[in-house]
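Structure first, commentary second.
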């Protein structure tokens, strides 16, 4: 029964996010909101809504290990498997701004997360945790990143064009509400089922977050990137992945830890370190000729399967 609830939860999350983006984008267009701002706010939130729903729901219910595992697991899935597979299908060209600004900021956010988690080593504390104060630090960094995005949007000559059907205000509101309800219900079901599965098999909630929940909430990014690669538009995926990873660490973990401080399992330091290394390796591959070639993509994707094998054995 737990598996059925888990699968239904993922379906509600993913379809809820789609409905929310469609309805909210339509409302924004009715109010003449610039397309670029729709892309930076509504659509950007929509793609990370499954991770946000699961992590924030976990924080409210006191299952913060799932929240942390979900964010780290999703980021590893994105940076290694999504980019790796997309590049293996078609070489991925990387924009200059992504290489010189967004990627380094992504590496910095992972390092900051590691530092905030290492209370015992760095502050001689009795335990490691992401406190409410740490959450505010992450949210402050997120506000800086958001300011950068808005500034780049204003300076950019190209405007964001999101293909959204123009609906009536009434229909747009109904679609948006259905989407939000789907996200909320799906998030609650995923957290409930994941916690139950963890207890049943003696798995830690962190491991469930790193594997089952992270993969389930990241499937939309994988499907979207594969479709983009097949259409020879894989370069779009890189910016989306980096933006999504930053949103996950800075906003989702920031909000989650502010709601309820997250106690840190010592094993998670390996996962965070692996995330930093994975981001750096992908950055190096992208930096050379500003393209990730097929062989590099295959090697990057293989790093994810190596990681998955290790954490399953570790448990």
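Using N, Cα and C of the backbone, Cβ positions are placed for all residues, glycine too.
Noted in TrEMBL for the protein shown:
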DOMAIN    3-150  domain 'Sodium/calcium exchanger membrane region'
DOMAIN    172-312  domain 'Sodium/calcium exchanger membrane region'
TRANSMEM  33-54  transmembrane segment
TRANSMEM  66-91  transmembrane segment
TRANSMEM  103-122  transmembrane segment
TRANSMEM  134-153  transmembrane segment
TRANSMEM  173-191  transmembrane segment
TRANSMEM  207-230  transmembrane segment
TRANSMEM  236-256  transmembrane segment
TRANSMEM  268-286  transmembrane segment
TRANSMEM  292-313  transmembrane segment
*Would you call the transmembrane segment (134-153) and the transmembrane segment (66-91) in contact, using three or more Cβ pairs under 8 Å, pairs 6 or more apart in sequence?*
no
*Find the member of 66-91, 173-191, 268-286 that has more C-beta pairs under 8 Å to the transmembrane segment (207-230) than any other listed stretch.*
66-91
*asked:* Can you break down the domain 'Sodium/calcium exchanger membrane region' (3-150) into helix, strand and coil residue counts using DSSP?
replied: 127 helix, 4 strand, 17 coil
